Amino acid sequence: MSRYHRGRRAGSPTNPAGPVYGVISTLDDATPSPADFARCSSLEAKKSELSLFLNWGVPQKNMEISSKLRNRSWLVDVLAIFFGIGTWLGVNGTFIQLPLLVDEAPEGWSLPSYLSVMVQIGNLGPLLYTAIQKYSPKKLNDGWTIHGVLLVGAISCLLTAFFYNQTALVAGTDHSLALFLLTCFTALNACTSSVLFMPYMGRFKEQYMVTYFIGEGLSGLLPSVTALIQGIGESGDCVLVNVTESGEEVYELQKTPPRFDTRVFFLILFALMVLAYVGYALLNSLPLAKREYAQVTVSEGNKYVYGEADNQQEAEKLSKGQYTYLLLLIGAISLFSNGMFGSIQSYSSAPYGAQAYHLAATLSVIANPVACFMAMFLHFTSLRIITVLSILAGLLTSYVFTTAALSPLPPLHDQTVGAVLVVTAWTLLVGIVSYTKLGITTVMRAQGGQSLVWVGAITQLGSAIGAVAIFFAINYSDLFQAAESNC
């Protein structure tokens, strides 16, 4: 059980910074062991850090996992997942629907480039939020702000369902103006979630950050599954359409019409956004959820101070160099994972065939929530493991970038082993990146202060730099060449 209280800053008669929220946890609350935050394997000299991480033959660790599973509210887990779904659902859904959108859009296959720019305009949301919280004498209430952001995301999905194909003349050229504007508002919800939703989850016990990230992963998986049911991604059939005078047969690739149209797809996304809103509303109001708060004091501006019983913060304080290193690392990871991977995946995997491309796209999306789910049982906060995983992700990134740059004739493009390698590389890459980002976020959460706000801000900065860089690389250079789909 926990007690939730609101009061003035301790030791001062007044609190000019605004209300302070705190949750005082009793002995019933599950808290991580100090060993969970060890940065080296000094506790057991005969066991490598990797063996501790994999938890082979360690009954004590099994007992800790069992304790974590018992000392949690599964309802709060479910609500945190619903809340996480409302992060990037709209943006992911828009890009997943591109194979149908480009058929109606006057921009054709240039549409993804325009939408990428619209998504970056959504970064005005976190910039505005941060500026208000830092410089305005009246601070935003995070609870009500999240309500507003989720409503913007839900309404954007609803309006997109009815106006996605409405065009207008801009500088004498026909453009999908309605889709552009609505994508900006959808991106506003997604980008602002990094500096608002994730810090909000910092007031809960550490294990609920994991389930929130599972929900964030599902924000990509659920639209993908919906698109698969819709029929997007089916390779189609080569149909004989003509025979020349010389007897040469001419085939044309004809795809099966989707089972339901784009309007129904975005209405499904709207329903999922409503589910995310309901999940947050319950998470923010239910007494059961508030009992799962950590021992933490939260002041305005999302400044967190954790008690000694929560994560042993004082004993595991990062040095300034380590703190900066993790921020730079998650910025670099986000630059590639959020900013570039989505744009180069087709160049990297499509030369190996339609099946390889769709498997790489589908399995990589599945890898995100699966990696976060694994973190519930294979939990780590070791800087050494984070570094090793980051190096491994860097090697895989080099491979997929090489295959993309050499498109349409990358290595082994005409062999089955090449398709297997590229699908495996993409799946492992996204899974490792998701796992590493969660590990970094968990470590930064334990530092208190505005660490989670910084993580969100650096994540968005890296994503924006990556998206702009890859936009110019694809559209204004000959670095990437698309593979043609022929019969």
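We number each residue from 1, going along the chain as drawn.
A Cβ is built for glycine as well, from the same backbone N, Cα and C atoms used for every other residue.
The transmembrane segment annotation in TrEMBL covers 73-91, 111-132, 144-164, 176-198, 210-232, 264-283, 323-344, 356-378, 385-406, 418-440, 452-474.
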Under 8 Å Cβ-Cβ from the transmembrane segment (144-164), and at least six residues away from its ends along the same chain, one finds 86, 89-90, 93-94, 101, 125, 129, 176, 178-179, 182-183, 185-186, 188-190, 192-193, 196-197, 200, 262-267, 269-270, 273-274, 276-277, 280-281, 284
Would you call the transmembrane segment (323-344) and the transmembrane segment (176-198) in contact, using three or more Cβ pairs under 8 Å, pairs 6 or more apart in sequence? no
Inquiry  = Counting a contact as 3 or more Cβ pairs under 8 Å, with residues at least 6 apart in sequence, do the transmembrane segment (176-198) and the transmembrane segment (452-474) touch?
reply    = yes
Comparing 111-132, 264-283, 418-440, 452-474 for Cβ pairs under 8 Å with the transmembrane segment (73-91), the winner is 264-283
Sequence-distant residues near the transmembrane segment (356-378) by C-beta distance (under 8 Å, 6 or more away from its ends) are 53-55, 65, 68, 207, 210-211, 213-214, 216-218, 220-221, 224, 228, 233, 235, 345-346, 348-350, 419, 422-423, 426-432, 434-435, 438-439
When counting C-beta pairs under 8 angstroms to the transmembrane segment (111-132), the leading stretch of 385-406, 418-440, 452-474 is 452-474
Maximum Cβ pairs under 8 Å to the transmembrane segment (210-232) among 385-406, 418-440, 452-474 is reached by 418-440
